[in-house]
Amino acid sequence: MRLVSLRNATIRHSGTPALENVDFHIDRGEIVTILGPNGSGKSTLLRSIIGALPLSSGTVERAQDLRIGYVPQKLHIDPTLPLTVERFLSLPVRISKTETENALAEAGVPGLRKRQMTGLSGGQMQRVLLARALLSKPDLLILDEATQGLDQPGSAAFYQKIASVRSQIGCAVLMVSHELHVVMAASDRVICLNGHVCCEGAPAQVASAPEYQALFGSGTHGALALYRHEHDHSHDCDHDHAKDEHEHA
């Protein structure tokens, strides 16, 4: 089932295109990662997907009654503000103790209900933000650099939990990430963005694409190529590199 689809999406800021002629889609159960340098339009694309930013031209279609959960990069909370995890999860609509406990357990942090938000570690904070996103029972879970500031083991544990959540509730997951090694292990499909879609496809295919290497350098290819995708996904670069490899084999 297709959850969100953008066609020829263009967004301009003061006349300058931030995104130009972008085609995008995500289906139920998929894990899709968007990669791109700073200023490439990743956050702009996310905002257009959730409906927070209108398109200058093009079309966007969302499944009827689509529920979206969103985990931001970070959340600033005034350190002088007394705010428990339970109260945070109840804003702006109060939820029951059982709902709070279930959401925290689903996110892998049971027992934090009475903790102060300002006393949480980085990893605990991200799990609480995940719990909040899961309260709506989302069809689509969006993670915007959600592991920024976590160490590698913390990031790996967080993404393992995301994979578990996807399996449990059957949602699609859309990630923006700079952690290339995690992308390869976690994604069904990778989209390389730089104001437009440079290339798209299964992770191993994108890693070998010249468009990808022009943005991230060929030195990343060795680490990324450790991943071997088990399924045959389409590859939608300006040039079909998978076809070239077959013809020259």
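Keep in mind that glycine also has a Cβ here, set from the backbone N, Cα and C atoms.
What Swiss-Prot records for 1-219 is domain 'ABC transporter'. Annotation comment: Swiss-Prot describes G36, P37, N38, G39, S40, G41, K42, S43 as ATP binding site, evidence class sequence analysis.
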**Message:** Looking only at the domain 'ABC transporter' (1-219), what is the model's average confidence as pLDDT?
**Reply:** 90
**Item:** G36 (ATP binding site) CB neighbourhood, other CB atoms within 10 A
**Value:** 21
**Message:** Quick check: with G36, P37, N38, G39, S40, G41, K42, S43 left out, which same-chain residues have Cβ atoms within 8 Å of the centroid of the ATP site Cβ atoms?
**Reply:** T44, L193, N194, G195
**Fill in**
Long-range Cβ list for S40 (ATP binding site), cut-off under 8 Å, min separation 6+ in sequence, same chain only, gives L193, N194, G195
**Message:** I need the least crowded one of these binding-site residues (N38, S43), counting other C-beta atoms within 10 angstroms of each C-beta.
**Reply:** N38
**Asked** Between the binding-site residues P37, G39, G41, whose Cβ has more other Cβ atoms within 10 Å than any of the rest?
**Response** G41
